[in-house]
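According to Swiss-Prot:
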type	residues	note
ACT_SITE	Tyr109	active site, proton donor/acceptor
MOD_RES	Ser204	2,3-didehydroalanine (Ser)
BINDING	Asn261, Gln349, Arg355, Asn385, Lys457, Glu485, Asn488	(E)-cinnamate binding site
Amino acid sequence: MDQIEAMLCGGGEKTKVAVTTKTLADPLNWGLAADQMKGSHLDEVKKMVEEYRRPVVNLGGETLTIGQVAAISTVGGSVKVELAETSRAGVKASSDWVMESMNKGTDSYGVTTGFGATSHRRTKNGTALQTELIRFLNAGIFGNTKETCHTLPQSATRAAMLVRVNTLLQGYSGIRFEILEAITSLLNHNISPSLPLRGTITASGDLVPLSYIAGLLTGRPNSKATGPDGESLTAKEAFEKAGISTGFFDLQPKEGLALVNGTAVGSGMASMVLFEANVQAVLAEVLSAIFAEVMSGKPEFTDHLTHRLKHHPGQIEAAAIMEHILDGSSYMKLAQKVHEMDPLQKPKQDRYALRTSPQWLGPQIEVIRQATKSIEREINSVNDNPLIDVSRNKAIHGGNFQGTPIGVSMDNTRLAIAAIGKLMFAQFSELVNDFYNNGLPSNLTASSNPSLDYGFKGAEIAMASYCSELQYLANPVTSHVQSAEQHNQDVNSLGLISSRKTSEAVDILKLMSTTFLVGICQAVDLRHLEENLRQTVKNTVSQVAKKVLTTGINGELHPSRFCEKDLLKVVDREQVFTYVDDPCSATYPLMQRLRQVIVDHALSNGETEKNAVTSIFQKIGAFEEELKAVLPKEVEAARAAYGNGTAPIPNRIKECRSYPLYRFVREELGTKLLTGEKVVSPGEEFDKVFTAMCEGKLIDPLMDCLKEWNGAPIPIC
């Protein structure tokens, strides 16, 4: 620590004020902000998850993280809060200063004056003033019907309590340490005050909701809380369950203002939202890579040179992550072989939803990352008014309660979330559409009778609904500011409103990523089924060709024997699901193409075709009859083997870096291939994945997909 000289408010005498060397070198904080953006986004998310899983959150005022807020917000969780004992002296000093200054007759806002536009009023009854502050701010509406809920979720309340305590620990607010200990006891005993969902403009802080925390601490008769088992508690019952032996607090001058005049509700909820948004951003990157796998895409879109020439770090990282997933992928090796067959008859490039996914996701990741840093600064800030500067013996009147960083960050995050959802919808729409999905069945149907199986059709409709609502939520909140409180609060951040809307948005994005993930797993299984069915068809066509086409009537070698190689090429080229529900149908492409091969050979048979013994045309009927007798049974047997887990060709996904995610959905959650022949609906499987996602169980398999990534693109050779 270095020291700089500062003049006391009365002038004349100078005092030494401790300032970190880093502050002197970076007085505007831009350097620190830039330093915080170093390293990869993925590493940052991993660190966030690590902090989320720590058993204890040690609060000291300046090191609280998004992951820690998310951990404490978990209702019924086991993570505990501990207050840094080193903060006690600073907190006490500011509290003592308020009492001493009032005794000396110092005129301070919110201590001897009225509030806001009526701060011209004066009183010497500081305790009564704080009591009245809490009373008039208890202006929220809860309602008492089951159809509507106007109560802030417990998770958001817990986040707000944690963030507010963190702010007050820094010793600039004039509040007793014992009050902070009481809030901590409530947190550690899973007791949450009931806060109204609406009623704050997050400037002057989140006055209305925070007043209900103060109301519980002071034992207001209208105060309620929710206990560890979800039971409703009075203030008295809440104190008893939390083991707070001091009884209700009689607020001293400034303490009511210290409790309510801050941005903790908006920034607390923003922290929860950003934890989820960061995980969803990584999931979107990985899902885009798996989408490329099941779509038989071309991995060229991840080539590092393309993205290095664009310069944007979010894009470069998104591409590098996808490149890592696709590097060595068994699907990509197979896709390359497929693309090499008849290349001039296929699109040269994949569609935008696949090919430009790094360019699309990159800016969204940058926005979410920037918002994360902004909110992390906010939850470690001192954001009430006035600020008590004991070192300079003065109360500083300012506006740190203005939650603009929250409103702006949440608006930006919500826009990014909407863009991620739009990409997922575009990818999902391609996945279920047999015009675009490179051979997968329409609607990802898996039954032998597609006329009675419509697969993910309902899911696609639901995805359109989710995406539409998400795009609507992308509209900004901060452009709807209204002048409030007798035009004193004439500009205000709407931070909590924006956080709430972003919470809604991330919840909808989770619905979309859930649906997309289950759809991708369905596609993985269909590719597995496709391979086994194709091999069965190849084997059967080969056997029938050998039996029917090799020899003539008298056992002599027949010219038609040369058809077999070209017949097998047809099977390789033809998309299995275009014919496999009725493989020998004359209206389906397989039989048409096979017949065409034999016809072409017959036309090139020359003079020998005129001889009935050597005529290839004469073999067409026998070949088709034999195939009709054998192929449907073999296909049915192949489906049965696949269904009971004895398919001869293993699932390629097991050879891919994306396997941990698939394994989690299929094995750990117990979801199955969806078919019209089964009773299970898509929504039932979606619920399993969505619930696991909301419980944070998807994080480990997601990170397992990337555990070998070294944080850099594959070198350009």
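Cβ atoms are placed via backbone N, Cα and C, with glycine included.
This view paints the features noted in Swiss-Prot onto the structure.
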{"residue": "Tyr109", "record": "active site, proton donor/acceptor", "Cβ neighbours (10 Å)": "17"}
{"residue": "Ser204", "record": "2,3-didehydroalanine (Ser)", "Cβ neighbours (10 Å)": "28"}
{"residue": "Asn261", "record": "(E)-cinnamate binding site", "Cβ neighbours (10 Å)": "26"}
{"residue": "Gln349", "record": "(E)-cinnamate binding site", "Cβ neighbours (10 Å)": "11"}
{"residue": "Arg355", "record": "(E)-cinnamate binding site", "Cβ neighbours (10 Å)": "17"}
{"residue": "Asn385", "record": "(E)-cinnamate binding site", "Cβ neighbours (10 Å)": "22"}
{"residue": "Lys457", "record": "(E)-cinnamate binding site", "Cβ neighbours (10 Å)": "15"}
{"residue": "Glu485", "record": "(E)-cinnamate binding site", "Cβ neighbours (10 Å)": "16"}
{"residue": "Asn488", "record": "(E)-cinnamate binding site", "Cβ neighbours (10 Å)": "13"}
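The distance from the Cα of Asn488 ((E)-cinnamate binding site) to the Cα of the residue listed as 'active site, proton donor/acceptor' comes to 14 Å. When every Cα pair among Asn261, Gln349, Arg355, Asn385, Lys457, Glu485, Asn488 is compared, the largest distance found for this (E)-cinnamate site is 58 Å.
Measuring Cα to Cα from Ser204 (2,3-didehydroalanine (Ser)), the recorded positions that fall within 10 Å are Asn261, Asn385, out of Tyr109, Asn261, Gln349, Arg355, Asn385, Lys457. Asn385 ((E)-cinnamate binding site) sits 8 Å from Tyr109 (active site, proton donor/acceptor), taking the C-alpha atoms as the reference points.
On a Cα basis, Tyr109 (active site, proton donor/acceptor) lies 62 Å away from Lys457 ((E)-cinnamate binding site). Spacing of Asn261 ((E)-cinnamate binding site) relative to the residue listed as 'active site, proton donor/acceptor' is 12 Å (Cα to Cα, whole number).
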